[in-house]
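Student: One structure, pasted below without further comment.
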Number of protein chains: 2
Amino acid sequence: MSAESPVNPESPVNPESSPLSVRIGEVQRTLPTVRAGNLGRVPLVEFIGDPEFTNAAAQAMLGLIPPGTEILLTVVTNALPLTHELSDRSGLPYVCARKKRRTYMQDPLIQNVPSLSLGVAETLWLDGPHAERMRGKRVTIVQDVIASGGTARALARFVELAGGTVGGYMAAFRQGDTTLPLAYLQELPSRV
Amino acid sequence: MSAESPVNPESPVNPESSPLSVRIGEVQRTLPTVRAGNLGRVPLVEFIGDPEFTNAAAQAMLGLIPPGTEILLTVVTNALPLTHELSDRSGLPYVCARKKRRTYMQDPLIQNVPSLSLGVAETLWLDGPHAERMRGKRVTIVQDVIASGGTARALARFVELAGGTVGGYMAAFRQGDTTLPLAYLQELPSRV
């Protein structure tokens, strides 16, 4: 599990793989499909519990970081180990929004976002001291999968509320027809 | 942020630091104190958003892994990047319990646990396919901070329900008077 796979930066994703088979660098995964609300079956991407896959994605995503980025912003949970690795490998710090109010938060920023996987609106929370780290900074939004783009837009509003500017959007996978200008490694089908 | 700090495996923690100043390897942090329910003020450990601190802790915790461990089990959220790093550096796979039911879970295991930071009971969920990875395995429980030990005991029940055996308990910080046999890097005061 721990071996870091060699990654070919010229071609991080194999375009010949089947829709549910993903390959990043030397790491191949066949994604399970799961029921998601009333959307039918969708591919499930899990970075949690899979350090090899996480590290390969982080390495490949290094090449997607928009020039001028000073700090990364993500949201729990699946993108957390991925963004930790991307931060570590790029040298860029990161900030992470939460999906629960924690009692220790100070002057948190709040945004509502519709959720694909839960089928209900979710609330995102960003602790004040972490929001402060984005002030005056060029911030790139990082997610594991971007589908409708609703979560990404909520994160972008956090950046603006914190006094930063959005440098761009990046995700390991794009799934659906978001209009966001998005850098990503591979396209996933919206339903299977 | 990205530089990996050299870690002295002989002395990962400096015992001369003040109660709220923690030092792991070459990385020093002064922990903020926050209100936690009716417990008064407690030190706040945040690995999320701090890859340098996370990596130093993971490196130091390598030496705490009980011999014979075959897989690690943790729970979201603060311990997730830490356990990702520990898994990556040790070569041991990991499984991560969640605090929300996800629609895609198949035959999840469920445990209730009282929560220090939220002040109410929390429910932990472990997706069936991930529980299956622990069957017949020697599993070590990993957390960022272990206080009462309630969460750790809930995770241990997951191990038993999944057909594994608990190999031990480890945390970056011990905070309080749990009776669990616990390997940890540093003691934190329960209140300040």
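Positions of Cβ are set from backbone N, Cα and C atoms, glycine also.
Sharing the record's features from TrEMBL:
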type	residues	note
DOMAIN	B:71-165	domain 'Phosphoribosyltransferase'
REGION	B:1-21	region 'Disordered'
Student: Give the residue counts of the domain 'Phosphoribosyltransferase' (B:71-165) per reduced DSSP state, in the order helix, strand, coil.
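Tutor: Counts, helix then strand then coil: 28 helix, 32 strand, 35 coil.
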Student: Restricting attention to the domain 'Phosphoribosyltransferase' (B:71-165), give the mean pLDDT.
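Tutor: Its mean pLDDT is 94.
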